[in-house]
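To keep things clear, I will list the structure first and then write my remarks on it.
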Amino acid sequence: MSIVQTPAKRMTGGELGLILVFAALGFFSIVVAAKAYTPEYAFHAYLFAAASIATVFVIGNRYMDRPAELPPQTIDGKPNYNMAPVKVGTLLAVFWGIAGFLIGVIIALQMAYPLFNFDLPWISFGRLRPLHTSAVIFAFGGNVLIATSFYVVQRTSHARLAGYLAPWFVVLGYNFFIVIAGTGYLLGITQGKEYAEPEWYADLWLTIVWVTYFLVFLGTVLKRKEPHIYVANWFYLAFILTIAVLHLGNNAAIPVSVFSPKSYIVWSGVQDAMVQWWYGHNAVGFFLTAGFLALMYYFIPKRADKPVYSYRLSIVHFWALIFLYIWAGPHHLHYTALPDWAQTLGMTFSIMLWMPSWGGMINGLMTLSGAWDKLRTDPIIRMMVVAVAFYGMATFEGPMMSVKSVNSLSHYTEWGIGHVHSGALGWVAYISFGAIYCLIPWLWNKREMYSMKAIEWHFWVSTLGIVLYICAMWVAGILQGLMWRAYTALGFLEYSFIETVEAMHPLYVIRAIGGILFLAGSLIMAWNVFMTITRAETVSQPSGAALAPAE
């Protein structure tokens with residue numbers, strides 16, 4: 001009689017290392033909380049301590065429950081994909097999306113009806129506005145990018161995600177950063193830098209998470225079984241790497257003390273403004289553009305069951321975008337103390353960006369060649385194609401607004417808000433919704449979303465909301481700009497500032513209505529996601545196959 005010996009279970013170096021690191025972090029956080037200069041900072045230190053202690057217990061419990069052998073890279077010769085972090089990231093994206101849209105509706109109502117501030121500092125416009133932008137960009141958008149990148153890189157590489165605990169650290173660590181940043185805004189902890197409000201300790205935590213994200217993604221690409229690196233992975237890598245550089249450069253700061261939330265940025269004056277908008281514009285360029293173009297290059301061909309229209313054009317699109325986008329930041333600082341040559345440089349590169357941007361748009365739209373009927377029959381395809389159309393519109397409007405003569409009218413007005421939201425709602429949100437509608441059935445092995453009719457409703461309700469929103473802001477912005485520059489025959493300003501504010505009121509109300517409709521659409525999506533996971537018909541095999549590279 002033969003005896004089969006099972007290998008002895010041993011804790012991996014990663015498990016042991018993380019337990020020790022988080023135990024030390026928990027102890028250090030308790031010390032910081034006890035000596036913190038402010039109660040708000042002490043609250044954050046206690047959050048770090050609680051999260052660290054919980055992580056130690058979770059890793060220990062996971063070790064006790066797992067078999068001696070770590071999950072294999074392949075099963076019966078097929079890749080053993082690690083989709084659990086992708087599932088969590090996708091659901092968190094839905095949650096944060098609704099939260100961010102809800103906060104946006106609240107601050108839109110505050111703009112139209114200031115009584116909605118309720119004289120409470122924690123929910124005043126000044127604190128909710130950065131909470132809204134961070135929730136929709138970094139919480140919703142960031143989770144979409146992390147989840148889809150982990151899915152796409154595995155499928156196109158035919159390889160399991162690199163690392164055992166590292167993918168979980170990326171997903172959960174990133175969302176812990178969102179919690180720290182968001183609660184910090186409500187408590188008044190901020191650097192005062194747009195899109196980079198979190199203070200030094202949150203930035204430091206995000207740096208650790210982001211480096212891990214880069215290593216997991218790159219490690220998966222390096223161990224790929226496919227000789228070809230699919231173009232979507234190029235865009236993901238550019239987004240991850242460039243955001244890391246931008247984050248480090250713009251958040252270079254010296255803390256007052258380890259016991260204080262306050263820090264001082266190493267840049268000052270006009271140099272600080274330039275670095276801020278080098279970061280701010282390229283957060284748009286690489287977080288909200290390059291990252292989501294990766295979604296376009298994977299999910300539209302997958303859903304349409306067609307290859308990318310021109311793979312060569314996608315490579316040209318990639319390199320042109322990467323080279324040009326990084327120079328366009330100064331167009332945010334027209335008519336300021338920034339040297340005129342730098343303003344002109346930013347304007348020039350912004351105009352040049354129009355061509356590669358539209359090259360990508362054409363590539364995305366023409367991928368549907370031979371499958372245009374799906375625009376009528378498939379609301380998910382329709383949503384993603386409309387997203388690409390909004391991308392084209394926003395990338396024409398942006399270069400146009402960067403021209404100094406146009407910018408003299410549009411700068412500091414609601415036109416800029418309309419432009420941002422045509423890209424954020426029309427491009428980023430719609431391509432994200434399309435990706436989520438694709439991912440949910442694939443991840444949970446469902447035949448299709450629970451209700452295609454609900455997706456139709458989501459599309460039309462949200463589209464009406466977007467149209468109301470951006471049209472109201474376009475009209476408001478142009479009206480604002482014209483009223484500000486209107487003079488009487490004697491050379492006096494024709495309108496007082498309060499008159500320009502009063503003229504905005506009906507347009508602010510329309511914006512709030514548009515936001516409510518967009519939020520309603522996202523709630524329909526959340527219901528559909530829940531019903532798909534719990535009620536929809538299950539299939540025996542996962543329906544999302546790897547995407548073969550197009551030629």
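Each residue, glycine too, has its Cβ placed from N, Cα and C.
Small disclaimer: the values here were computed from a predicted structure and weren't measured.
Swiss-Prot annotates H331, H332 as Cu cation-binding residues; of H281, H317, the candidate listed for that same site is H281. Same-chain residues lying 6+ beyond the ends of the transmembrane segment (424-444) with a Cβ under 8 Å from its Cβ atoms: 83, 86-87, 90, 93-94, 97, 136-137, 140-141, 144, 147-148, 151, 288, 292, 295-296, 299-300, 302-303, 380-381, 383-384, 386-391, 393-394, 455, 458, 462, 465-466, 469-470, 518, 522, 525, 529, 532-533, 536, 538, 542-544. Distance noted between the C-alpha atoms of H331 (Cu cation binding site) and H419 (heme b 2; high-spin binding site) is 14 Å.
The transmembrane segment (40-60) makes no contact with the transmembrane segment (88-108): fewer than 3 of their CB pairs lie within 8 A, with pairs spaced 6 or more apart in sequence. Non-local contacts of H332 (Cu cation binding site) by the CB criterion (under 8 A, 6+ apart in sequence, same chain) comprise W277, G280, H281, G346.
Listed in chain order, the extra residues whose Cβ falls within 8 Å of the Cβ center of the Cu cation site residues H281, H331, H332 are W277, G280, A328, G329, P330, L333, G346, S350, S402. Within the same chain, the transmembrane segment (280-300) stays apart from the transmembrane segment (88-108): fewer than three Cβ pairs sit under 8 Å, each pair at least 6 residues apart.
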